[in-house]
Amino acid sequence: MVLKRLLNGRYQSEELLGSGGMGEVWRGRDLRLDRPVAIKVLSAAGLDEPMAAERFDREARTAARLTHPHIVAVYDFGTEENDSYLVMELVEGRTVSALIAQGPLPVEQAVSIAVQTCDGIAAAHAVGVVHRDVKPGNLIVTPSGTVKICDFGIARLPQVAGENTLTGPATKLGTSSYMAPEQALGRPVDPRTDLYGLGCTLYAMLAGAPPFAGDPLSVLHQHVNDPPPPLRERRPDVPVALDTLVSELLAKDPADRPTDARQVRHRLAALLTSPVSVAAAAPPISSGPVVPVDPPPPSPADRPGPGPAAPGPGGPGGS
C-alpha cells in the first residue's frame, strides 16, 4: 500500500502500524466522519494465498453481523486498484498475549477479562457465529480495562442455501495451543468450541502459559488425548471454584463442557464478588494501538491470529 493513500475518496492512511505476509494495518482517518480508524489491507501475496481473499471477505461479512461493546467494530469493506481493505475501529491497548508475556495475571484481572470475553462471544453465538480462534492474541484490553475480541477471519457463519463453505469437514483452522479437540480432529464445531478456547486462554492467563507445549502436531495430539496439567499445581492461589470451571471448559467431549457462554459468564461473575476471589491490583494497560506483525503463511493446523488492536494484517500470531 502506498504511503498517505486515500481509499474510496474517504479513508486516509496515516501511519503503518504493522505488516506481514498477508497484508498491512494502518492507522488512518475517516475524512467524512472525522474519526480515527484502522485500515487493514490484503497484500498482493495475500491475494495469491489460496482462500485468503475469501477469508478476508468472510471477516467483513461476519463482523457486519456483530455490533457489541466487546467486539472490534468493522465500519466498511471494499476494493480499490486491486487492494481489498477493511476499515475498522482503532483500539488503543494491548493484547492479552502481551500481558501474559509479562507473567501470570492477577486472578481478578484474568476473571474480568474472561467475563467480558464471554459477553462478546455470547453475542456472536446468538447470531450463529462461532469464532473458532479464541485466544489471547485475539483479545485486546484497553487502558480502561475493556476487552475487545478481534479477527473473525475463520469464523463459522450460519450456512446460507447455495453458498459454498470455506472449509471442508476435515480442514483444521485455528491456533494449535488453543484449539479444541473436535477442531483438531476436523469435526463439526459449535459454540462449545469457543468455550474450549476460552478455557485455554483462562489457563494461560493464570498459569503464564497454555495447558500444552511442544510443536503444533504434538500440541494437537495432547488436546485430543491428554488431560491438562492441574492448574492449581502451577498456580496454587487460584480459587477452587475457578479451577473447577477451567477444568470443565477443557473437557475433551463438548457434551461435558458448559452449555453456553452466558452460563460461564454467570459463574465467573460470581467469583468477582466472592470472598475467595483474589483482589490483586491489575497492572496498568499502556495506551497506543496494538500492532501485530504476522509471519509467513502458516499451516492450517497452526494458523496465527492477528494479535491486533488495529486487528492484524490478516495473518495472526500463535498466542
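Positions of Cβ are set from backbone N, Cα and C atoms, glycine also.
A TrEMBL annotation is a machine prediction, not a hand-curated record.
Predicted-model confidence for the domain 'Protein kinase' (11-269) is 88, expressed as mean pLDDT. Annotated domain 'Protein kinase' per TrEMBL: 11-269, in sequence order.
Feature annotation from TrEMBL assigns ATP binding site to Lys40. For Lys40 (ATP binding site), other Cβ atoms within 10 Å of its Cβ number 30.
Annotation comment: TrEMBL describes 281-291 as compositional bias 'Low complexity'.
Per TrEMBL, region 'Disordered' is recorded for 281-319.
The compositional bias 'Pro residues' annotation in TrEMBL covers 292-319.
Following the DSSP three-state reduction, the secondary structure of Lys40 (ATP binding site) is strand.
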